[in-house]
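Trainee: Quick paste from Swiss-Prot:
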type     : residues : note
DNA_BIND : 7-111    : DNA-binding region
MOD_RES  : Thr221   : phosphothreonine
MOD_RES  : Ser223   : phosphoserine
REGION   : 251-281  : region 'Disordered'
COMPBIAS : 251-263  : compositional bias 'Polar residues'
DOMAIN   : 369-483  : domain 'Response regulatory'
MOD_RES  : Asp418   : 4-aspartylphosphate
Amino acid sequence: MPSSNGSSDFVRKLFNMLEEPEYRHILRWSDSGDSFIVLDTNEFTKTILPRHFKHSNFASFVRQLNKYDFHKVRHEEGAPSIYGEGAWEFRHDDFQLHHKDLLDNIKRKAPSKRNLANENTAPVIENLKQQVDSILDFQKLLDRNLSGLATSYQTILLKMFELKRGIESRDLLMSSIISYLCDLEGSTQRQANPGAMFVPSHPLQELLNAYQALAKGQVATTSPQQIPNQIQQASAATTASSKMTVDTNLGTAQPSLYNTPSSDYELANQEKPADSMASAASLNTPLSSNDHSLNPHAHGSYPMYEKFQPIQHPNPGSFTTHLDSNASMAKSFSQISNDSLAKASSVATSMSQMGAAVPTTGLWKRQPRILLVEDDELSRRMTIKFLTSFDCQVDVAVDGIGAVNKANAGGFDLILMDFILPNLDGLSVTCLIRQYDHNTPILAITSNISMNDAVTYFNHGVTDLLVKPFTKLTLLQLLKKQLLNLLQADNSINMSDVPSTKEAKDDKAPVTFYLENDAPMYPQQMLQDPIQADLQHPH
């Protein structure tokens, strides 16, 4: 019968078989009676195991004996067994001949501590697996939520950018209206009393004071904001493309609203930000070639206009649109003198000669790093070929978002960018870059550009223009102009060949842009920084 600690039927059955003479030729007691011997393991496996024990092989029977603490008797090494070569002898202290009463002491061994530990750790391991699965599921949920938050964040950024552009457009419209009112009132006063100095009326002065106070408050709370690298996500790229396209269409539909600098980029770089905001009133004055009386500068300098300072480009080493307060703003492009055009042509000719004389190797103190943003493969290959021949390191972006990401990484000496790009247009890219980088020159590659477009580009952070199609020499001259700090001393541009600022003022015929055969020409591509220009609206 089985005991409380394990069944002893196996032991009793084995003892009874040893008592029977039927199996003595296979299984018997030892001569001393304190052990038993399996004489023939093969016969034991074939005859006894299938009939009396539930074991299929002798090894399983031996394992069963070990569970009841039977041990195999090992003879001295090399000594033959007295019961034959294939005999197996097993012993247990309570398994002896004629001592059946001791069989109750033979119990099945308790599981080892190792097995017990394994059994105890199984539930723990299963519990840990469940916890890991729960953590993985929770992580997936967090990833989905984070992705949604990132998308929402990008959408909010674009909405904020659109709102900012809308506020800028509103401010420019307000400044244009105020400027028009000033001109209208000044014209009325001059018609009544031509020799009198213009003094704004009380309502107009209150309007000007209120606008200046509003401008001061906006400048005080405005600061450049970093554009994050999350724009590199492909999902946000599509959103950015559609949003910026709408934004660009807004700027195209209302070109008059972008005729003066108004972004945070320009405001943050003014010594007198309040005056800079107020100066929009004088810069947005509507001009007509047939009516010069609306322009106060044509009739002397009035105190109200003297405090409106021209907005300067934040990079003094790059191209800037200069305004000469002593020149007449009533002059239209059709009235530019032949002497002015000849002077601009002489500057371009002298610069072309100097550029041709400079070799394209050994130009730089170190290799300039250029970011080229161009989606057209043919133009990109040609420009890269030119730049590498000038010993420049070139990195390439093929769309607007890629350009923002690479510019955000920094380390570029100059950005050469086509303004017709996928995902983000060049103007939007420039506005984004200028919010955290005010110094790197940005050269716009463009063609068929109008005067309003050119002014818009400069007002929003573009340093200079490179008009298609351009030559290798033109590109080299523009690089030398914008990267003067990297030029070797013997390759520096000779400033004596360029008319001085004083001479330009005395001639009163400075030229920034002029039109030839309905196509804009840009002498400032060569070297126009020392020349102050009058921006005039053509007919």
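Glycine too: its Cβ is placed from the backbone N, Cα and C atoms.
Keep in mind the model is a prediction, meaning the values are calculated, not measured.
Surface or core, plus neighbours and distances: that's what I need for these features.
Mentor: Over the domain 'Response regulatory' (369-483) the predicted model carries a mean pLDDT of 91.
There are 23 other CB atoms within 10 A of the CB of Asp418 (4-aspartylphosphate), with all protein chains counted.
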Trainee: What does DSSP say about Asp418 (4-aspartylphosphate): helix, strand or coil?
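Mentor: DSSP call for Asp418 (4-aspartylphosphate): strand.
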